[in-house]
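Trainee: Copying in the features that Swiss-Prot gives for the protein in this structure:
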type     : residues  : note
TRANSMEM : 34-54     : transmembrane segment
TRANSMEM : 78-99     : transmembrane segment
BINDING  : H84, H183 : heme b b562 binding site
BINDING  : H98, H197 : heme b b566 binding site
TRANSMEM : 114-134   : transmembrane segment
TRANSMEM : 179-199   : transmembrane segment
BINDING  : H202      : ubiquinone binding site
TRANSMEM : 227-247   : transmembrane segment
TRANSMEM : 289-309   : transmembrane segment
TRANSMEM : 321-341   : transmembrane segment
TRANSMEM : 348-368   : transmembrane segment
Amino acid sequence: MAPNLRKSHPLLKMINNSLIDLPTPSNISVWWNFGSLLGICLTTQILTGLLLAAHYTADTTLAFSSVAHTCRNVQHGWLIRNLHANGASFFFICIYMHIGRGLYYGSYLYKETWNTGVILLLTLMATAFVGYVLPWGQMSFWGATVITNLFSAIPYIGQTIVEWAWGGFSVDNPTLTRFFTLHFLLPFMIMGLTLIHLTFLHESGSNNPLGIVSNCDKIPFHPYFSLKDTLGFMLMFLPLMTLALFSPNLLGDPENFTPANPLVTPPHIKPEWYFLFAYGFLRSIPNKLGGVLALAASMLILFLAPLLHKSKQRTMTFRPLSQLLFWTLTANLLILTWVGSQPVEHPFIIIGQLASLTYFTILLILFPMTGALENKMLNY
């Protein structure tokens, strides 16, 4: 009998082993869809991004006009831009849900996969930040100024680092040029990291909602999960297209319709919605260096997740106390997101500080304690 090409060809064999004949736990739920959705988001963003880059000019005098030109004069330019801008929002929705799934079901115990995932998150955040600066509107300019300025909080070398990043003494043409370079480069870096992420995942195989070894009950990825993923794609593209076609500017800042002006500061400088929770951490500490450390810690704490796991059970499926904490953490992050969008005044300052404190308390103290307590409860 002739050998099956997809199983013998050196390249097709790799695709076959990771997308077609991949042994997959039969009981993985819809929460396992977000990985493939992130892949689709990345592909969409790279394609729309390439088309936008073809019409973009990375120069402070022309950037704003070139984006306006793309929307007005380029065939379907408005659609490409709207898909790219709102696609970023969906990218973040998917990655946050993907991370939430990982925390809930103990997927972080696959340490290499988890760590590459956290690095992917940080790279994605950097990409989104530099991308937001490119249209060169008011919020683009002031967002870049405020966030890059945070590096000046680093003792001794901070100011030098900031001026080196700016390529001058303020955010100007060199800054825009290098941000465009980075925004073009980073998605391809994300692609490479994604391959590493998947390589580590396929070493161990997927986790499942019960958190138990599922080797005795695996089914091929195709057709079962390829079909389930296709449903996921449709359910994501529907709201994305709805948003991009009906209210493309819903999630944007009206301030960005004004070209960047270094002489006029907007009344409220705030990032896109998907960074508001991090902005909440930053603002809840009155000291500059303290705020920067809180912001960094809020992300880097994810690296500690495997070390803070004290339960004998992997997932939270049968751990009601941990579930309660998990959903409290989720609500807490939503509160931080809301606070981040509000002006710095009473009562938002104290709410932000309490929410920040709660976030770290839950992750560093309450999760491990609850895990240990539930272990004890198993004995009775």
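Quick reminder: no glycine exception, Cβ is built from N, Cα and C everywhere.
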Trainee: Please name which of the binding-site residues listed here, H84, H183, H202, is nearest in space to H98 (heme b b566 binding site), Cα against Cα.
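Mentor: Going through H84, H183, H202 one by one, the Cα closest to that of H98 (heme b b566 binding site) is H202.
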Trainee: Can you say which of 34-54, 114-134, 289-309, 348-368 has the most Cβ pairs under 8 Å with the transmembrane segment (78-99)?
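Mentor: Maximum Cβ contact count belongs to 34-54.
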Trainee: For the binding-site residues H84, H98, H183, H197, H202, which one has the sparsest Cβ surroundings, going by other Cβ atoms within 10 Å?
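Mentor: Result for the binding-site residues H84, H98, H183, H197, H202: minimum number of other Cβ atoms within 10 Å at H202.
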Trainee: Restricting to the same chain and to residues at least six past its boundaries, which positions have a Cβ under 8 Å from a Cβ of the transmembrane segment (179-199)?
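Mentor: For the transmembrane segment (179-199), the nonlocal Cβ contacts are 18, 38-39, 42, 45-46, 49, 53, 56, 58, 113, 116-117, 119-120, 123-124, 126-127, 130-131, 133-134, 144.
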Trainee: Taking the Cα atoms as reference points, how far is H183 (heme b b562 binding site) from H202 (ubiquinone binding site) in Å?
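Mentor: Cα-Cα, rounded: 29 Å.
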Trainee: Residue list, the transmembrane segment (34-54) vs rest of chain: Cβ under 8 Å, 6 or more residues beyond ends.
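Mentor: Non-local partners: 70, 80-81, 83-84, 87-88, 90-91, 94-95, 97-98, 101, 180, 183-184, 187-188, 190-191, 194, 229, 232-233, 236.
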Trainee: Which residues of the same chain, at least 6 past either end of the transmembrane segment (114-134), have a Cβ under 8 Å from a Cβ in it?
Mentor: 56, 58, 63, 67, 88, 91-92, 95, 98-99, 102, 107-108, 140-141, 143-144, 147, 175-176, 179-180, 182-183, 186-187, 189-190, 193-194, 196-197, 200, 271-272, 274-275, 278, 299-300, 302-303, 305-306
Trainee: Helix, strand or coil for H183 (heme b b562 binding site)? Use DSSP.
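Mentor: Helix, per DSSP.
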Trainee: From the Cα of H202 (ubiquinone binding site) across to the Cα of H84 (heme b b562 binding site), what is the distance in angstrom?
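Mentor: Computed Cα spacing between H84 (heme b b562 binding site) and H202 (ubiquinone binding site) is 30 Å.
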